[in-house]
């Protein structure tokens, strides 16, 4: 694996093997936050002195696949998914538009049928009006016949009063045929009234039948609308089933991809373990440079503070010398000096506050480190549960191995964790110069093998860099204090013997980079396993939902078939009823026509008889 620099970059082989005494500081090392506030206007960051082309070549060598390409591929896949969703939404919109058009057509058909029914109602109303007019005409004829009868009786009375001779025939002989005719006319009038009543009853029954037919038509239309709705729902359910099947296929594909990614990650973890063994020495050298730089910054801060104190004391001495020859009223401190002393005291107060904040952050970082190492222990217990235990030889008096750092030291495994649990801090073992050069040359050999398969590890590497920067918003340069003591084994031994564990530097960034990366990769593997299990469970749930939807569709189709059969039966019964009503109407019309012809013949006979009677009367009077 590649060596991490202070700004998140990588070191070449020549730069990693250079001795410690470098005239220029490490490239692009930024000043710490507390020092930057005071000396930002006085000092600028040092320009890099290493070759940028060599760094770029080394980066391209280590990275087999570009993370930008991976991200672009992921974005293209997301765009394709969004396009697919958009096409599905367009298809649903088209289906809804078609259903709306069908509903509009059904509404238009219903309006046409209602218009036809209105026309039929108007025809029946016109027939009723014509029947009422006929009844009025019959009543008027009846009144006219009664008036003619009364007039005939009056004429007969006058004739009877005018008769004086006894030779004329009796009045009873003349009145008898007239009374018979009157009885016949009255009986005919009664028959006509009965016919009129029967016609009224028939019209009312026909109106009731028409209303029933309208109701049945409305119910049939409502059932047809229900059938259309059921068909639309069936189509929607079929579409949902297709969508669920497509989602199931997509989830299967994603599951296969995740399984392949997990296999790739396991392979990259193995290769990273091999590369981590060679990258520890270069990382330790980088830590040494960073620690030296931070110590130089602290020395400069102390020198600045001493210079400020010297200025303040010099100003005070000057004021005392100047006030020796003055009176008591004139001995006043100058405003400029007072402002400078006030600024100096405020700076010291701010430094004390910064120290308090740093101590709080150190305490928080220690707590977070404890949590992190406990989590690492859990992860390692889960991963190494089935593996055989490996015995590790402990080197006395903190001496380093001659063949380079072991895997446990570079990864930050169980050995260092046991020492951390017992002492509260991690002991570091720095390699000798010869092992340092050999390990730095082995970085390139391992990097060539790992660059081809290192596809998905860039995100975890970025996370490792973020963790290395510290939980309390430390700058990366503050980590130089912890790595400064690994410059030589003698100084580390003396400091470890003289200082108690409480005075040693806080293990905010004591762990090497490879250990963090290994833990992150282990976490990602566990998370991927959990996500694959959850996806399997979600696939099972979706299969169950698809089965439920299929059952619902079957029940709906059966219900639709039953409703369609009922509708067909009802429509056939309605057609039969309409045919019977038409036959009844035809018979009624024929009966009406025959009844209309019969009274006309009877009235003709009555008029002929009346005319004959009148002619007989005139003859008798003559």
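Every residue number used here counts from 1 along the chain in the order it is shown.
In case you wondered, yes, glycine gets a Cβ from its N, Cα and C as well.
Going by Swiss-Prot, these are the annotated features:
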- 66-365: coiled coil (COILED)
- 541-590: coiled coil (COILED)
- 400-425: compositional bias 'Polar residues' (COMPBIAS)
- 432-453: compositional bias 'Polar residues' (COMPBIAS)
- 479-501: compositional bias 'Basic and acidic residues' (COMPBIAS)
- 579-591: compositional bias 'Basic and acidic residues' (COMPBIAS)
- 594-605: compositional bias 'Polar residues' (COMPBIAS)
- 1-27: region 'Disordered' (REGION)
- 250-483: region 'Required for targeting to microtubules' (REGION)
- 388-512: region 'Disordered' (REGION)
- 579-622: region 'Disordered' (REGION)
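Taking Cβ pairs closer than 8 Å, the compositional bias 'Basic and acidic residues' (579-591) reaches residues 202, 206, 209, 213 in its own chain, all 6 or more past its ends. When the compositional bias 'Basic and acidic residues' (579-591) is classified with DSSP, helix, strand and coil residues number 13 helix, 0 strand, 0 coil. On the 0 to 100 pLDDT scale, the region 'Required for targeting to microtubules' (250-483) averages 63 in the predicted structure.
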